[in-house]
Amino acid sequence: YRLNILLAGMNPFYFHAVNVILHCLVTLVLMYTCDKAVFKDCRLAFVTALFFAVHPIHTEAVTGIVGRADVLACLLFLLAFLSYNRSVDQLYVGEHFPPTASPFFLLLSLFLGTCAMLVKETGVTVFGVCLVYDFFSLSYNGPKLTNGGVHPRAARLPVPPPCGSPLSGRENGKQPRFAPRGAWSSCPPAPPREQPSGGLAVPSRAVWAIRSYLTANNNQNFLYTARPFLKRAALVISYVILVLYFRLWIMGGSMPMFSEQDNPASFSPYLLTRFLTYSYLLAFNAWLLLAPITLCYDWQVGSIPLVESIWDVRNLATVFLVLVMTLLSLHCIAAFKKLEHKEVLVGLLFLVFPFIPASNLFFRVGFVVAERVLYMPSMGYCILFVHGLKKLSTWLNKWRISVPTLFALLLLLFSWKTVKQNEIWLSRESLFSSGVKTLPHNAKVHYNYANFLKDQGRNIEAIYHYKTALKLYPRHASALNNLGTLTKDVVEAKNYYRRALQLNPQHNRALFNLGNLLKSQGKKEEAVILLRDSIKYGPEFADAYSSLASLLAEQ
């Protein structure tokens, strides 16, 4: 932001231009990441990036200037992941887990991950993604046998690097060199996959994979072979603890404070209500990624009613999400013995880990749903979607359904929705009025729209939306205060101010307005107390100082 102001002043065009440029960079780096670490077919990396570029859920993060935190953190997240990926020797075949080939890239990954955390708290989850990806993918070589030996064929034949690998090979025992990247079309075709061995179901195969991997050797032998990975994990975990402590110290040793209207579920006294609502919100966020039909700039008060009973039909969405995520996880675990379906592993990691800080699992967050926090998890969704579409292509072709045509139609539909969402963000009026149309049962959008109408001098319409907000959320202290400023009846205005202070005794605006009202009625002693309290709870509220000064000057 400082660079924006230094180079172009307070011109909003350049703020938006930087956001769009950052989004383009994230899209390109995502394509590069998918090409290097996810897909064997380079074209799928391009399709994933294309799908990510036009997803409507990104509108708030890219169009809203404050969303730069999410976009920039996502860029640093990907760069940290790529650096960690490059630090591990991916061509190593032997008894041990692959060693750290480049300490420089490992340290660079730690630095970029720290920068991502300082931009946005969710950036710290990149370290968890790196460690899990290291254990399941980088640190497991196909030629290894369960007894710690090496497959004889692997001892004779060189292992070709995967398509898009930055490592071109070894020469004379030296460190691998980085080969120049050619055209995507020059990627060698993927080797034929080994056929699955039989009729084991996915869950039983998953259990077998874990048992054979972790219990084939004794613990001492496992610790011996996994020593390189454990060293990296110890370094990363120790560093994460240190930077989290640093982050908490920056925040003064305490978490942010939020009100009930920010996150109603977290203030519910019933554990069941909190659990069911939090679980449903996970399914709701997944639905926004899958079908971004209803989008709004604010999902707070009243947007999503609390789930207070196990018989609520919305729990079916939660159960369905749990079922899908469980099957994907089991499928991923069952496949990791043969290094198959790396797409599912990376997709799940990119989808789940960046969303954990916004899930209310570890601490209370200041929103019910926020579309901008889905910017980073949407990378995982796009990877899983493209991988699933590839798997369905064979079945769809039997029905003579063109997969490229379907994907093109979906891209056009998402592009159209993104353009329409950008039109909503063109002005304050279009943004706030869209919220009233989209979520008429949301008290916050009525309050925001009433503030706009009040600033425009449209007091009758503003009073209507303030009263609507109070019907939806009777404990909205700011709506009561603002309604009092528009009321011509002095008695009624005083009543609104007192009700606002009953709900929030530290509401400095209500204290100021009630103090001025009592001052006009000659009740100067009460007015002085209220104005002093207004200054106490709002020390930067200049109008309160001015009003108190004039009152004291009269005395």
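Backbone N, Cα and C atoms are what each Cβ position is placed from, and that goes for glycine too.
Per TrEMBL, the feature transmembrane segment maps to 13-32, 44-59, 104-136, 229-250, 271-295, 315-336, 348-367, 373-389, 401-419. Residues annotated as region 'Disordered' in TrEMBL: 165-200. According to TrEMBL, the feature domain 'DUF1736' maps to 253-325. The repeat 'TPR' feature in TrEMBL is assigned to 443-476, 508-541.
As a quick check, the transmembrane segment (271-295) and the transmembrane segment (104-136) miss the bar of 3 or more Cβ pairs under 8 A, pairs 6 or more apart, so the two do not touch. Counted over residue pairs separated by six or more positions, the transmembrane segment (348-367) shares at least 3 Cβ pairs under 8 angstroms with the transmembrane segment (104-136), which defines the two as touching. Here the transmembrane segment (44-59) sits apart from the transmembrane segment (104-136); fewer than 3 CB pairs are under 8 Å, leaving out pairs fewer than 6 apart in sequence.
Outside the transmembrane segment (373-389), and at least 6 residues removed from its termini, the chain residues within Cβ reach (under 8 Å) are 30, 34, 38-39, 44, 47-48, 51-52, 55, 57-58, 61, 67, 70-71, 73-74, 77-78, 122, 285, 288-290, 328, 341, 343-344, 346-352, 354-355, 358, 367, 403, 407.
Taken together, the residues in the repeat 'TPR' (508-541) have a mean pLDDT of 89 on the 0 to 100 scale.
Listed by sequence, the residues of this chain that lie at least six past the ends of the transmembrane segment (13-32) yet keep a Cβ under 8 A from its Cβ atoms are 1, 4, 7, 45-46, 48-49, 52-53, 58, 61-63, 65, 67-68, 71-72, 74-75, 78-79, 82, 379, 382. In terms of DSSP helix, strand and coil, the repeat 'TPR' (443-476) has 27 helix, 0 strand, 7 coil. For the transmembrane segment (401-419), same-chain residues at least 6 beyond its ends with a Cβ under 8 Å from one of its own Cβ atoms are 47, 50-51, 54-56, 58-59, 292, 295, 389, 392-393.
The DSSP breakdown of the repeat 'TPR' (508-541), given as helix, strand and coil counts, is 27 helix, 0 strand, 7 coil. Each residue in the domain 'DUF1736' (253-325) gets a DSSP state, and the totals come to 35 helix, 0 strand, 38 coil.
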